[in-house]
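What follows is a set of notes on a single structure, which appears directly below.
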Amino acid sequence: MADPTSGTPAANPAATPATIAPELLALREQIDSLDQDLLALLNRRAGLALAVGELKKKEGSVVFRPEREAQVIDGLKASNPGPLKLDSVAPIWREIMSACRALETPTRVAYLGPAGTFSEEAALGYFGSSIVRVPCTSIDDVFRTTAAGAADFGVVPVENSTEGVVARSLDIFLTTPLFIIGETSLFVRHNLLRKENSLEGIEVVAAHPQALAQCHGWLSSHLPNVERQPMASNAEAARQAALNPKLAAIASVRAGSEYGLHLVSPAIQDDTHNRTRFAIVTDPHRHPAPKASGHDCTSLVVSVVNRPGAMYDILKPLKAHDVSMTRFESRPARSGQWEYYFYIDLQGHPDEPHVHTAMQELRQACAYFKVLGTYPLDVH
Ligand SMILES: O=C(O)C(=O)C[C@]1(C(=O)O)C=C[C@@H](O)C=C1
């Protein structure tokens, strides 16, 4: 940058307003004019959302409708003529709907904090930035806070493409009164962050146990003799790194800027396609299950008695009624009897007759059967 006190002209001519080409000026004028049109249209849209909000207040119905938001985005993507990229449609309209929703009512969202966690990023990606953030100290705390009504929704990690299931979330699903109304997933890039901009002198690397595991290969080859310290969250590790120069944190770039750390080594996760999937949970007494959107998922947890053919009995109704199973995970039932709970995702919504019948028959075949939720698939 040019020094404004030196009297010498800026080195970069593009930065000097006097050199703006007439063609550029003309294009910018058109952009300014369109932005005014967009602003007027967005305000008209906001006015309609306010009217919808009034109607819902009269009916006593809830504001957030994940199936409607998914349909709005799906519809716009299908009719997008370009050159705006398809990937840009969902984030733009999520923000627009977030702002409109906030005019109807505040949306309080609990997630694993502190500021700068991937859970926070997932919450903002799903609900947009016009929300009331409720950072929590643990996954248990996210469920508790939402069940107690101190937040309207909770965002909890359920699986990672490298490390597999987030066991704590799955275990709590068994007993929580909350149910799932949405899902979202995030590319997770881990970075080594520190007060000093160097790998020299690091004595401890701190992060959430999942992040330590996802960077195991990199840590073994670059910092083989450094202690690995598990933390409640990556952002908490970043906070600690700001206080202790011998401690490096694995966390997001956002967490690094939040706590004033150097990005010593970017993208140190072993798998470059590392993704984490999150579930959006809420209290069924305060929020109804989303209606069918056309692209839905239904999550169940079941167990079967330990006998030959039991697993076949689970799969039979799904095949008979042509219902796809997109996920199947097992967790020990902790009975000491080698019994398991099975977490199953089905494609479709129970309002669709074939899904409804398959679920009824599946229920008959199971010793334990709980619907964790039914919700629109993540739209990108
Ligand atoms: O259509 C509605 O029910 C609205 O409240 C409007 C709107 C929107 O901005 O499009 C906002 C919030 C809902 O989650 C869904 C959609």
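Including glycine, each Cβ sits where the backbone N, Cα and C put it.
Keep in mind the model is a prediction, meaning the values are calculated, not measured.
Now, the feature entries from TrEMBL:
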{"type": "DOMAIN", "residues": "18-108", "note": "domain 'Chorismate mutase'"}
{"type": "DOMAIN", "residues": "108-283", "note": "domain 'Prephenate dehydratase'"}
{"type": "DOMAIN", "residues": "299-376", "note": "domain 'ACT'"}
Composition by DSSP (helix, strand, coil) of residues within the domain 'ACT' (299-376): 24 helix, 30 strand, 24 coil
Residues in the domain 'Chorismate mutase' (18-108) grouped by DSSP into helix, strand and remaining coil: 73 helix, 1 strand, 17 coil
Segment confidence, the domain 'Chorismate mutase' (18-108), expressed as mean pLDDT: 96
